[in-house]
C-alpha cells in the first residue's frame with residue numbers, strides 16, 4: 001500500500017510514468033482540511049482550557065453550521081471538474097484516498113478523547129451537551145467518509161466504510177445506499193431522492 005508520504009511526493013502533477021496528466025486539481029492540497037472536523041474535540045479542549053469559555057465545546061457544530069457554509073459561500077461554485085481522460089490518473093492517485101483513510105483513526109481517537117473529557121473535565125450540563133454536539137458532528141461527517149470508501153472496489157476500503165459508520169449506528173447506509181439508492185435513484189421507489197420540485201426542507 002502506498003504511504004501518505006509517497007502519495008504526497010507523487011502529488012506534483014506528474015503521472016507515475018513521468019508524463020503530466022491532462023488535468024490538474026487546483027485545490028489538491030486543500031483536501032486535508034477535511035481532517036479539521038475530526039480534530040475538533042481536541043481543538044475544543046484546547047480553546048476551553050486557554051480561554052475558560054465553555055461555549056468552545058461546541059466548536060464542531062460551529063464548523064458545520066457557520067464556518068464551512070461561510071467558506072462555501074465565499075468560494076462560490078467550482079467549475080473545475082476533471083475531464084473523462086483524467087479520471088484513470090486520479091483513481092490511481094493514492095493522495096485522495098489517504099485523506100479519507102486518515103479520517104477514521106482521528107474519528108475514533110477523538111471519540112475516546114470526548115469520553116475522557118466527559119468524565120474528567122469540569123463541565124456544566126450545557127457544556128456537556130455542546131461537547132456531545134461536537135462528537136455528533138464528527139460521527140456525521142464520518143458518514144461522508146464512509147460514503148466515499150463504500151464506493152471503492154478494494155475490500156479494505158469497504159470494511160473501513162463500515163467502521164466509519166459504526167459510531168453513528170448508521171451501518172444500514174452501506175447496504176441501502178449502494179444497493180438501494182444507486183439502483184432506484186431519481187425514481188418514486190427511492191426514499192433518498194427528493195420528489196420533483198421538492199425543496200430541501202420538505203424533503
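In case you wondered, yes, glycine gets a Cβ from its N, Cα and C as well.
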Discussion item. If you look at how TrEMBL annotates this chain, which of 29-48, 149-168 comes out as transmembrane segment?
Written reply: 29-48
Worksheet item: Which residues of the same chain, at least 6 past either end of the transmembrane segment (54-75), have a Cβ under 8 Å from a Cβ in it?
Response: 36-37, 40-41, 43-44, 47-48, 123-124, 126-128, 130-131, 133-138, 140-141
Practice prompt. With a Cβ cut-off under 8 Å, give me the same-chain residues at least six positions beyond the ends of the transmembrane segment (128-146) that come close to it.
Written response: 34, 37-38, 40-41, 44, 54-55, 57-61, 63-64, 100, 103-104, 107, 110-111, 114, 117-118, 160-162, 164-165, 167-168, 170, 173-174
